[in-house]
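According to Swiss-Prot, the protein has these features:
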BINDING   T56, D131, E191, K221, D225  substrate binding site
BINDING   192-194, N226, 255-260, E278, N313, 334-336, N379  NAD(+) binding site
Amino acid sequence: MTAQDYVVKDIALAAYGRKELDIAETEMPGLMACREEFSSSQPLRGARISGSLHMTIQTAVLIETLKAIGANVRWSSSNIFSTQDHAAAAIAATGTPVFAVKGETLEEYWTYIDAIFQWPDGNPSNLILDDGADATNYILMGSRAETNKDILSHPKTEEEELFFKQIQRRMEATPGFFTRQRAAIKGISEETTTGVHRLHQLQKEGLLPFPAININDSVTKSKFDNKYGCRESLVDGIRRATDVMIAGKTAIVCGYGDVGKGSAASLSGAGARVKVTEIDPICALQAAMDGYEVVNLDDAASSADIIITTTGNKDIVRLDHMRKVKDMCILGNIGHFDNEIQVAALQNLPWTNIKPQVDMITFPDGKRIILLSEGRLLNLGNATGHPSFVMSASFTNQVLAQIELFTRSGHYKNEVTVLPKYLDEKVARLHLDQLGIKLTTLSQEQAAYIGVTPQGPYKPDHYRY
């Protein structure tokens, strides 16, 4: 790494970041077990990983785990507000190129994603570790643009305009870059629901040129990170942002998937009266039987003190909903992108910045709303994201996926797949001792009776946990 091969807020924060990183390691047994298991064999020796995932303390432990088992890594954050600057500094100080600043502009965001593919020797990356599929989309859209520039001519949003401009800059600076980079990729591992959806769309359209491992639908990710992580980090973000008393407030959670379930539990545990909106009759019935009132936002918006979106879809909270809410209603998103709330529809109204990632927006009738993290992930923008322990499970999946893709790339087709069940169970097993969990062991007779081995896997792939 050259002296300039990183962009962080302040490299002097490295010592502070290192102290927190050391603490996080004690709460991330899965990642530490990976270091112990694979440090000798170095299965990622020769891997050149371009990582785009929230640059937090927990991600720093992931990065150092990948490096400890042989990988070379370049990193950016997957959200303009999610970087923890001391974490980025701690990683940069070790010689790992990292490009991440809390509060970076959208233009900088795409510049930093480009930077994770710019290795000093000029050779391409061979793996992508992604969150939201932005890094993957950058390479694939760029390679398409190298054969047809017209696809960059009509951006639909401000962010897409900046995205296209970055592609154009790279095409001019390095002709053929995207096509060469696409051809070198052995595979990608994707962290989130939103990113997995994008990858499935690419596969459906015949535009996925390499294998993709869906981390999100590993049981030890979706049923833990998405649910239990949100259960802790949502209320943390709201409290740090607003200092409001949540108990007694009426909160509406839009969506009751795994993230919605965790979010509803988070608010309910803080004493809020929680209502849920849903499009899916199965999830709606689950919410009702968990004790929540299931409502339509058109009807219920006026009752809300807090509205949280969790869906991964767009236009969930529209301008007409925001006109109905109570004065000083808190709006936040814990889904993925900033279009779950129609933030663009608010741009012509007066904004007052209260503090970083907290804005008050005033309507013509004098009503005010509090918007958290400009509609982006509030648990990372207004707080520090999920706790280390639950992220250890998610990130252990990432490490195992990167090893699979690098060492067994011929085993996977150019499609979206999940890690095999035995690895999912391995991830869970690595986290049991930390919580003092003692497993019961099947006898040979019991195992034969249900058609498994005493060592597992214990459930068929179609089992729903």
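Note that Cβ sites are derived from N, Cα and C of the backbone, with glycine treated the same way.
Structure coloured by features recorded in Swiss-Prot.
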residue	record	Cβ neighbours (10 Å)
T56	substrate binding site	24
D131	substrate binding site	25
E191	substrate binding site	26
T192	NAD(+) binding site	26
T194	NAD(+) binding site	20
K221	substrate binding site	29
D225	substrate binding site	28
E278	NAD(+) binding site	23
I334	NAD(+) binding site	30
H336	NAD(+) binding site	25
Farthest-apart CA atoms of T56, D131, E191, K221, D225, residues recorded for substrate, distance in Å: 17
Cα proximity to K221 (substrate binding site), best match among binding-site residues T192, T194, I334: T192
Cβ-centroid neighbourhood (8 Å) of the substrate site, T56, D131, E191, K221, D225 excluded: L53, H54, T192, I215, N216, H386, M391, S394, F395, Q398
Residue, out of the binding-site residues G255, G257, whose Cβ gathers the largest set of other Cβ atoms within 10 Å: G255
Number of Cβ atoms other than its own within 10 Å, given for V259 (NAD(+) binding site): 28
Nearest of the binding-site residues (T56, D131, D225) to T192 (NAD(+) binding site), judged by Cα-Cα distance: D131
From binding-site residues G255, G257, E278, the one whose Cα lies nearest D225 (substrate binding site): G257
Integer Å distance between the CA atoms belonging to D131 (substrate binding site) and E278 (NAD(+) binding site): 25
Binding-site residues near D131 (substrate binding site), in sequence order, restricted to T194, G255, G257, V259, I334 and a 10 Å Cα cut-off: T194
